[in-house]
Amino acid sequence: MLPSIVKHATSHKINPLKKHGQNFIFDSSLCDKIIRASNVLENSNVIEIGPGIGGLTRSILQKNPKSLTVIEIDERCIPLLNEIQEYYPNLNIIKQDVLKINLTDLIYDKVTVISNLPYHIGTELVIRLLKEVKLITNMTLMLQKEVVERICAIPSTKAYGRLSVICQILAKVEKCFNVAPTAFYPHPKVYSAIVKIIPLENPPSIALINKVEQITKLVFAGRRKMIKSSLRNLIPNIHEVLTQLKINCNDRAENLTPKDYLRIAMKL
């Protein structure tokens with residue numbers, strides 16, 4: 001029988017490392033709640049990024065997935081994960097930095113992604129997963145609360161920005177619930193939140209997404225400027241383009257919808 005999460009981590013003398021952005025979850029009931037939000041189904045394929053001491057890993061495995069592949073950069077955690085693997089042969093362990101893996105080579109079938117992501121790689125990894133990996137059916141991620149609010153923000157709100165636009169033209173997004181700092185060891189200085197991201201079946205092309213990224217980088221750098229001013233150098237006939245698209249030339253970056261940005265990108 002596996003020891004508790006706390007005893008297991010203690011027996012391996014694993015303390016969180018700041019360089020890996022580690023904040024461990026010892027509460028198995030919270031792990032179970034996250035897995036319920038993800039709606040992991042029996043016989044599904046799951047990838048967990050950064051399993052650490054294996055709290056979420058255990059909760060996923062209890063749902064009896066067809067396979068669970070965990071990607072862990074911290075070699076100290078590998079022996080602990082190997083011990084979990086002795087009880088669950090459907091667990092596959094990859095010791096690697098997820099930012100250096102070619103994820104398209106790793107994923108060969110439809111997969112669910114679940115992760116308590118380190119804050120310092122969260123935004124970069126979300127965008128990369130959405131842009132590069134076509135076989136992800138859904139992602140349930142723990143991120144900094146502020147980042148989740150930006151992902152899910154609607155136009156004309158303070159949180160709305162580039163991240164909102166890119167995520168929402170590639171996926172359906174939904175904030176599930178907040179997680180207090182006290183749920184982690186060590187306690188982070190900010191709240192976290194769970195977000196569910198369901199990639200669209202027919203997303204825009206990478207070329208079009210790259211254009212949206214180019215446009216949003218310009219307009220949100222001066223979000224109080226009017227769109228016609230922000231895009232004048234990139235699109236010399238911007239007034240004509242916006243008029244054709246029936247977008248108000250005097251609108252600011254935060255007023256346009258993700259769909260508006262896609263429509264502008266199509267004119268580039």
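Along the chain as shown, residues are numbered 1 onward.
Positions of Cβ are set from backbone N, Cα and C atoms, glycine also.
Small disclaimer: the values here were computed from a predicted structure and weren't measured.
Some features that Swiss-Prot has for this protein:
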| type | residues | note |
| --- | --- | --- |
| BINDING | ASN23, ILE25, GLY50, GLU72, ASP97, ASN116 | S-adenosyl-L-methionine binding site |
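Projection of Swiss-Prot feature records onto the structure.
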residue	record	DSSP (3 states)
ASN23	S-adenosyl-L-methionine binding site	coil
GLY50	S-adenosyl-L-methionine binding site	coil
GLU72	S-adenosyl-L-methionine binding site	strand
ASP97	S-adenosyl-L-methionine binding site	coil
ASN116	S-adenosyl-L-methionine binding site	strand
Sequence-distant neighbours of ASN23 (S-adenosyl-L-methionine binding site) in its chain (C-beta under 8 A, six or more apart): PRO16, ASN116, PHE184, TYR185, PRO186, HIS187, PRO188
Densest Cβ neighbourhood among ILE25, ASP97, ASN116 (binding-site residues), 10 Å radius: ASN116
Cα-Cα distance maximum in Å, computed over every pair in ASN23, ILE25, GLY50, GLU72, ASP97, ASN116 that the record assigns to S-adenosyl-L-methionine: 20
Cβ neighbours within the same chain of GLU72 (S-adenosyl-L-methionine binding site) - under 8 Å, at least six residues apart: GLY50, PRO51, GLY52, ILE78, LEU81, ILE93, ILE94, LYS95, GLN96
